[in-house]
Amino acid sequence: MQTHRPKPMTLVILDGWGLRDTQENNAIANASTPHMDDWLANRPHAQVRTSGRDVGLPDGQMGNSEVGHLNLGAGRVVYQEFTRVSCAIEDGSFMHNQVLLDAIRAANEAGGAVHLYGLLSPGGVHSHQDQILAAVQCAKQNGASEIYIHALLDGRDTPPQSAMEYMTRFEEGLQKLGAGRVATVCGRYFTMDRDKRWERVERGYRLMALGEGTPFDSACEAIQAAYDAQQTDEFVEPAVMVEQGQPIGMINDGDTLICMNFRADRVREISHVFTDTTFEPFVRDGLPKLSAYVCLTQYDVSLQNVQIAYPPVALTNILGQVMAQHGLTQLRAAETEKYAHVTYFFNGGQEQPGEGEDRLLVASPKVATYDMQPAMSAAELTDRVIEKIQSTPYDLVVVNYANPDMVGHTGVYEAAVQAIETVDTQLGRLTDAIVQMGGEVLITADHGNADQMVDEQGTAHTAHTLNPAPLIYLGRDAQLHDGRLSDVAPTLLALMGLPQPLEMDGVSLVQFTQPAVA
């Protein structure tokens, strides 16, 4: 254990700065970055993986800022809700989830049906249709006599007219299980709102609870009619499946309703509709008295009368908590666009600052899109951080530069190059100030973005990439090894001479080449 403790130890997160071998359409590789070039040539450096299972996401899925900062601060792989549920299905524990079993049993005892609703999509952003199939299987295995699916169609995280293919595949899965019927279909536009457009949510409610929609014999027939009317999946008008003119699967008293979206933001409103004791946005005609309402994950702490199949997992002994336990002080600094990431997400989803934790917020510029001002507020952020650390002796400083990600999202190559050059300049200023104070710096990123500005079809690439992030150490003689984002916190603890808690299963990536002097 190294006994030397640099002060301040500084973690700089370059949001959206990925490493990509190809220079073509790579704003990072083609920008003038004398400081980063020098460090990558002459200082200890390595790469950390930022996507897929390495950050708790499914294989091949790009990382994002929220996931990246969770892993950076936790010092362990933080499995996201999608992956938690998928892993539970793979290992069989999903079929024994007590919340699901109790909800199914409650419907059985009341003589009711089990209803599943959610985004029927393989997109993996809000839900996954394979997880809905698993829930059908669970309901069947536990004695549900009637199982109905209320399918919300995607078209945003999937191609705009792909629902026919996915519905066909889903119904083939139902046939193999010998259980479950699609009772209603509508585009996500009508139910998955998050901006209090209650007229849309009401149409989704009335479809499921009252059977108010255009009647069709099958889900695929409803989708084909929508395509014939030039509707895309997201905007498919509410449709109800009927037999002899009557809806086959309205939600009635005694039934159980299970929402199968793992992402919370777009099912909060519809969940409040079905469960709130008092509700003002619209009159809930025919509100069913449910045996149970299950949220796959936690959607909203204010929801009443709900059960949560996969509640949040509390993270203990994360980096910020370890600092507090040792009586050390910290500063978290970012401009508005990434402030929540270096605070809330870096702290494992905790809103309040920890003991000894100060925060510094610099306003992001008020422009329509950041290609109009690619420098953003990087210079002011650097000024404020230098001023703060020169007046207050912090032990740990965490700084996020938002430019590579926020300008990368615009898809404007020239602006992204300017953003990268701005960050390199400000990095030089910040690191000079820290080193002059006797501090050390660890530089990394949460995911890639500006490293690819044009896609394979020649159009603007505005999404994150799967590429690794740099890891650069400005300090003592040492070597760095490749790893993943969850290894950064253990590396910081090693650099600070602090023990790593058992809960952190990441590993330190630093190896000192000579003993430190206390």
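Keep in mind that glycine also has a Cβ here, set from the backbone N, Cα and C atoms.
What Swiss-Prot records for ASP15, SER65, ASP446, HIS447 is Mn(2+) 2 binding site, and it gives sequence analysis as the kind of evidence. For HIS447 (Mn(2+) 2 binding site), the same-chain residues 6+ apart in sequence whose C-beta sits under 8 angstroms from its C-beta are ASP15, GLY16, GLY18, THR50, SER51, MET62, GLY63, ASN64, SER65, VAL67, GLY68, ASP405, HIS464, THR465, ALA469.
Residues or ranges marked as active site, phosphoserine intermediate in Swiss-Prot: SER65. Within 10 Å of the Cβ of SER65 (Mn(2+) 2 binding site) there are 24 other Cβ atoms, across all protein chains.
The annotation substrate binding site is assigned in Swiss-Prot to HIS126, ARG156, ASP157, ARG188, ARG194, ARG263, ALA264, ASP265, ARG266, LYS338. Residues within less than 8 Å, Cβ to Cβ, of ASP157 (substrate binding site) and separated from it by at least 6 positions along the same chain comprise SER121, GLY123, GLY124, VAL125, HIS126.
Swiss-Prot lists ASP405, HIS409, HIS464 with the feature Mn(2+) 1 binding site. Look at ASP405 (Mn(2+) 1 binding site): DSSP puts it in a helix. Cβ contacts within 10 Å of ASP405 (Mn(2+) 1 binding site), excluding its own Cβ and spanning all protein chains shown: 30.
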- Message: What's the number of neighbouring CB atoms sitting within 10 A of the CB on HIS409 (Mn(2+) 1 binding site)?
- Response: 20
- Message: Just to confirm: which same-chain residues, 6+ apart in sequence, have a Cβ under 8 Å from the Cβ of ARG194 (substrate binding site)?
- Response: ASP265, ARG266, ARG268, GLU269
- For the Mn(2+) 2 site built from ASP15, SER65, ASP446, HIS447, further residues of that chain with CB within 8 A of the site's CB center: ILE13, GLY16, THR50, GLY63, ASN64, GLY68, HIS69, LYS338, HIS341, ASP405, ALA445, ASN449, HIS464
- Task: Would you identify the secondary structure of SER65 (Mn(2+) 2 binding site) according to DSSP, in three states?
- Result: helix
- Note on the structure: As a whole number of Å, the Cα atom of ASP446 (Mn(2+) 2 binding site) is distant from the Cα atom of HIS409 (Mn(2+) 1 binding site) by 15
- Item | Which same-chain residues, if any, lie at least 6 apart from ALA264 (substrate binding site) yet have Cβ under 8 Å of it | THR297, GLN298, TYR299, ASP300
- Of these binding-site residues, ASP15, ASP446, which scores lowest on Cβ atoms within 10 Å? ASP15
